[in-house]
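First comes the structure, then the notes that go with it.
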There are 2 protein chains.
Amino acid sequence: MSGLDEFSLIARLFAPLAARHPGALGLTDDAALIDGPEGRQWAVTADAMVAGVHFLPDDPPDLIARKLIRVNLSDLAAMGARPFAVLLASCFPRDVTGDWLDRFASGLKTDCEEFSIALIGGDTVATPGPLTLALTAIGDVGRNSALLRSNARSGDDIWVSGTIGDSAFGLMVGRGEPVPVGPAERQWLLERYRLPRPRTTLGPALVGLAGAAMDISDGLVGDLGHICETSGVGAVIEAEKVPLSDAVRMAISAGFGSIVTVLTGGDDYELLFSAPAERATAIEALGRELDLRLTPIGRIIEGEGVRVEDSDGRALSLSGGGYRHFGG
Amino acid sequence: MSGLDEFSLIARLFAPLAARHPGALGLTDDAALIDGPEGRQWAVTADAMVAGVHFLPDDPPDLIARKLIRVNLSDLAAMGARPFAVLLASCFPRDVTGDWLDRFASGLKTDCEEFSIALIGGDTVATPGPLTLALTAIGDVGRNSALLRSNARSGDDIWVSGTIGDSAFGLMVGRGEPVPVGPAERQWLLERYRLPRPRTTLGPALVGLAGAAMDISDGLVGDLGHICETSGVGAVIEAEKVPLSDAVRMAISAGFGSIVTVLTGGDDYELLFSAPAERATAIEALGRELDLRLTPIGRIIEGEGVRVEDSDGRALSLSGGGYRHFGG
């Protein structure tokens with residue numbers, strides 16, 4: 001069955017089981033919310049990664065561990081939550097070596113320190129299949145302050161952090177495709193793919209500024225579509241405003257890939273958020289304070305769906321709605 | 001490398017990452033603790049299950065889902081926590097059918113209702129390997145009231161709930177071994193293996209009565225060894241006091257299996273707990289109230305390790321320390 005059918009089926013089957021707890025947000029957001037102490041809430045999210053699907057079996061073990069953590073912290077950031085702890089369920093192939101485990105644990109340690117989080121639990125089992133890892137991440141956010149996908153309103157600006165599409169081009173570098181950039185740019189793109197940088201400082205700082213937020217994991221346009229669907233709005237992106245790195249700009253100029261790759265490529269792990277127009281100055285100031293590029297790329301409108309416009313206001317056609325893990 | 005080496009290595013590698021958060025309990029307990037609202041704590045635990053390791057690929061999908069939930073709720077019960085919500089990370093083989101998913105979701109639904117919990121999040125990905133599931137369960141317990149493995153004290157009685165060993169014999173039934181009992185007993189043993197009954201009511205009711213507690217998943221003696229190690233004590237079990245079901249008693253009487261199978265078999269998911277001797281009357285009353293067999297089987301002593309004695313006080317020799325998932 002196709003990826004899309006699968007997703008719908010799962011939404012249909014699993015979402016009703018969320019009804020009992022409002023903090024589950026109908027399984028439509030980056031994380032669930034449960035009550036914490038004294039005016040706080042815990043955001044809780046879980047992501048799985050499988051060798052050969054989400055990373056290559058011979059990727060460096062420390063990078064696998066760090067990507068797993070970062071992908072989850074990115075979900076927390078998208079809720080405006082500050083990372084606190086993780087639980088790790090590891091299914092190791094029986095031929096895993098002590099050296100491999102050492103390097104894997106070393107990656108965990110590096111990022112636990114980098115992001116001031118603790119490993120507080122989990123499970124370790126053997127698998128006859130590929131290395132499979134599931135991480136649950138817990139972060140804290142003020143009660144009723146989380147950045148929800150459902151908070152986009154018509155008239156809001158749409159913003160993104162960092163540059164978009166680097167990871168899609170980095171994956172092509174990793175696959176050995178002839179991305180026409182210099183060795184330094186190739187390495188930089190590959191790093192962007194292998195080791196995303198979750199916006200753990202930006203996310204909590206956006207509480208009170210942003211309306212809706214999510215992290216871009218399945219592609220900018222597809223993910224913005226999720227915000228639109230959950231908020232009951234539409235969106236327009238101005239393609240030429242989408243911030244590109246020098247490396248991606250260089251590759252596209254040389255005729256490799258296109259803005260469609262940028263708009264639909266996955267694994268950016270930048271934050272995508274909406275905000276009322278009057279907060280633009282405060283958001284720009286925040287970007288300067290964090291030394292992080294924050295760029296308005298369009299606006300939320302009434303209606304539904306995401307329209308991408310070129311500089312003449314003409315709709316740009318995209319094939320497909322982004323990367324989907326199932327079938328992918 | 002052997003199962004034991006693997007476990008030690010992981011403990012050595014992962015436990016230091018827990019140091020930042022005291023509620024991680026050094027990764028030595030059934031769940032971690034984080035602060036909840038108004039004098040409560042959340043107990044959080046994660047377990048993974050792999051087709052071909054923890055269940056058979058052609059097991060009924062609803063039972064796979066329900067066992068996954070129950071194994072995790074058993075960990076919460078062992079902390080004295082009341083189940084609240086779960087997150088599910090599913091790695092489905094690409095050939096999974098809509099019918100299979102329907103039945104799997106139906107099992108989730110049954111047990112979400114049975115235990116009054118919500119599915120609040122997770123992830124769904126494809127795997128080229130076997131079906132792999134990781135569940136995170138969250139339950140609540142009064143602050144500083146959780147039943148910790150480290151709370152066993154010399155002189156305490158050792159108690160178990162239910163009957164022990166049914167699951168080990170049930171697994172043999174499932175494997176088609178000639179367990180010499182009637183068809184009704186065979187079916188009952190198989191059910192005990194396939195669909196454990198987490199002691200979700202008993203666990204919270206033991207807060208204030210029990211000292212240490214854990215659920216029996218790797219075998220009674222091995223698991224009691226964990227309590228001893230964490231509490232810095234030893235233990236003596238009187239073999240003839242270990243409560244057996246009629247079916248297991250019948251099988252052993254007919255020369256199939258032995259008390260060693262009972263003492264070291266895994267997957268019981270009964271609660272094992274210690275309690276000061278003066279609480280025996282209250283614990284017996286609780287058992288009557290819950291209509292659940294609660295049996296004292298020995299005592300905590302100074303020293304270390306677990307000694308099993310026969311009715312003459314002679315040490316019983318057991319080969320191995322219980323079922324270990326790694327290598328198993």
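Note: Cβ is positioned from N, Cα and C throughout, glycine not excepted.
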A:Thr45, A:Asp75 bind Mg(2+) 4 per TrEMBL; candidate in A:Asp30, A:Asp58, A:Asp59 listed for that same site: A:Asp30
Least surrounded among the binding-site residues, given as A:His54, A:Arg149, when other CB atoms within 10 Å are counted: A:His54
Short-range binding-site residues relative to chain B, from A:Asp30, A:His54, A:Gly122, A:Asp123, A:Ser217, with Cβ separation under 8 Å: A:His54, A:Gly122, A:Asp123
Count of other CB atoms lying within 10 Å of the CB belonging to A:Asp267 (substrate binding site): 22
Coarse DSSP state, helix versus strand versus coil, of A:Asp75 (Mg(2+) 3 binding site): helix
Cβ-Cβ neighbours of A:Gly122 (ATP binding site) (radius 10 Å): 26
Largest tally of Cβ atoms lying within 10 Å of a Cβ, found at which of the binding-site residues A:Asp123, A:Asp215: A:Asp215
Number of helical, extended and coil residues in the domain 'PurM-like C-terminal' (A:207-309), per DSSP: 43 helix, 26 strand, 34 coil
